[in-house]
Amino acid sequence: MKNYNKYARSYFMPPKTSMKWMEKEYVTKAPKWCSVDLRDGNQALIVPMNLAEKLEYFQLLVDLGFKEIEVGFPAASETEFTFLRTLIEQDLIPADVTVQVLTQSREHIIRKTFDALQGVRKAVVHLYNSTSVAQREQVFKKSKEEIIQIAVSGAELLTSCAAETEGDFTFQYSPESFTGTEIDFALDICNQVLDVWKPGVDNEVIINLPATVSLSMPHVYASQIEYMSEHLKYREHVILSIHPHNDRGTGVADAELGMLAGADRVEGTLFGNGERTGNVDIVTLALNLYSHGIDPELNFERIPDVLKVYERITKMKVPERHPYGGELVFTAFSGSHQDAIAKGIKWREDNAEPYWNVPYLLIDPTDIGREYEGDIIRINSQSGKGGIAYILEQTYGLDLPIQMRESFGYRVKSISDHLHKELGSAEIYTIFEQEYINLNKPIQFIDYSFKSGEQFETMIEVKKDGVIHEFTGIGNGRLDAISQVIQSQLNISYSNLLYKEHALGTGSDSKAVSYVGITNESGTIYWGCGIDVDIMTSSIKALFSAVNKLILDQ
Ligand code: KIV
Ligand code: ZN
């Protein structure tokens, strides 16, 4: 890429003393979450939400447990104004939820914003102006002093408008484009705004430090946040908020390190919707906390339902590999992974493990409404016998003998390879059924009886080429007697009878399932499976299934 020298690092590293966040290992408590889906998220949609959709999305956010929800820019568009008025007038904002509105630091916009807020129970009024070098020089063409003046006069106007408007208001200030702003200038402007608002016990103020564009590696953002946290005035009455975007694909990392660095609050969206590459994904942040044993204070127990509403309303698609929500993120195709997962889950059940530690799965998919079947293990030509056997066992209760798993695994993989597609659990069962269960061609087993003495004497009735035969013979056990009859009367030879049986289901509906393997002269093992209400009949059916496979292969 010949143009790399067109770029230089355009962020401002604070003094190196601001790196204490590095000594912390993990985030110990959920931050205050603020959803900006209905603003940053909505303004980034190809088809922005209409009023009904906004109301439905708002309700989704409330149901998920958000206590702060930015509802947009009421002064900027008629829909957003009406949306806020509808929420207030129809009393749709629960008592424990605070709505947030955004306003530029311009008089008519601030006044119109307060018009829209009239009568609200509680609201955050979020004031911002752009502070970065690039914005000051290229867009606004203003000095630092003039930029400070914009922020301070906006802050003063918020104070006077709030006094004239019915409602309980919290103020928030964002130095927009913070990440491209000299750190001490960002500090200065925030402190001057704070001097206007004078935070105190009953007057907490939010200072929000957006990575409007993420310009640096996450540790730089964290150090900037820590520097601000340590040098802001009135710090104990300031709620320090962060608002990462995702330009470098590090939104989540920025937020997590930002929290270690002292952020009390995070603004973001569901699944990372938002301008350009999006805002930070709150689903991922919350569930990352959850995966460390921390209560995220948001409820994502039904992620598939959240995803459905999100995709329908935003008309965006959550990618298959998206953490937690993506279709394939709890799915293992690789044989060794499937095997390890199946063993890990069994281990958990057998050992009553208190903590989740299943290989390859960060969290238990069922905790967020995902399912094992289909979710965890999907079968393609790369899959292994472990995963295939796992599906048969988990979904259909068939616990195949180890050697049989291998041959069935090869069969399924070759079918998947041939069809060039992944196979679902029902398809896998159908293959198993067609290949092994109660096979009755070319020889159809009809009935049997035994007389027991020193040895077992048996009579079997079979149909071959349309003709019914009755054969008799003896053996050391029942199955052995039948096997002797088959070999001598039907002129087939095999050895090494492998056998396994277990119950299928429980209670009065339960059946018996048997698996039989026989080895021909050249060492190939043929497997059969028999299912019947009677255990002996199931084993005879399994034997005939194996014999039929051997005959067909001759
Ligand atoms: O990304 C951003 O800087 C913003 C501000 C308005 C906070 O959305
Ligand atoms: Zn933003």
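Placement of Cβ uses the backbone N, Cα and C atoms for every residue, glycine included.
Per TrEMBL, domain 'Pyruvate carboxyltransferase' is recorded for 31-304.
Counting every protein chain shown, 23 other Cβ atoms lie within 10 Å of the Cβ of D40 (Mg(2+) binding site). What TrEMBL lists as Mg(2+) binding site is D40, H243, H245, N279.
If you look up TrEMBL, you'll see 439-554 marked as region 'Regulatory domain'. Sorting the region 'Regulatory domain' (439-554) by DSSP state (H, G, I as helix; E, B as strand; all else coil) yields 34 helix, 55 strand, 27 coil.
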Number of Cβ atoms other than its own within 10 Å, given for H245 (Mg(2+) binding site): 24
Cβ-centroid neighbours of Mg(2+) site D40, H243, H245, N279, 8 Å, sequence order: V36, P210, A211, T212, P244, N246, G251, E267, G268, T269, G274, E275, G278, V280
C-beta crowding around N279 (Mg(2+) binding site), within 10 angstroms: 31
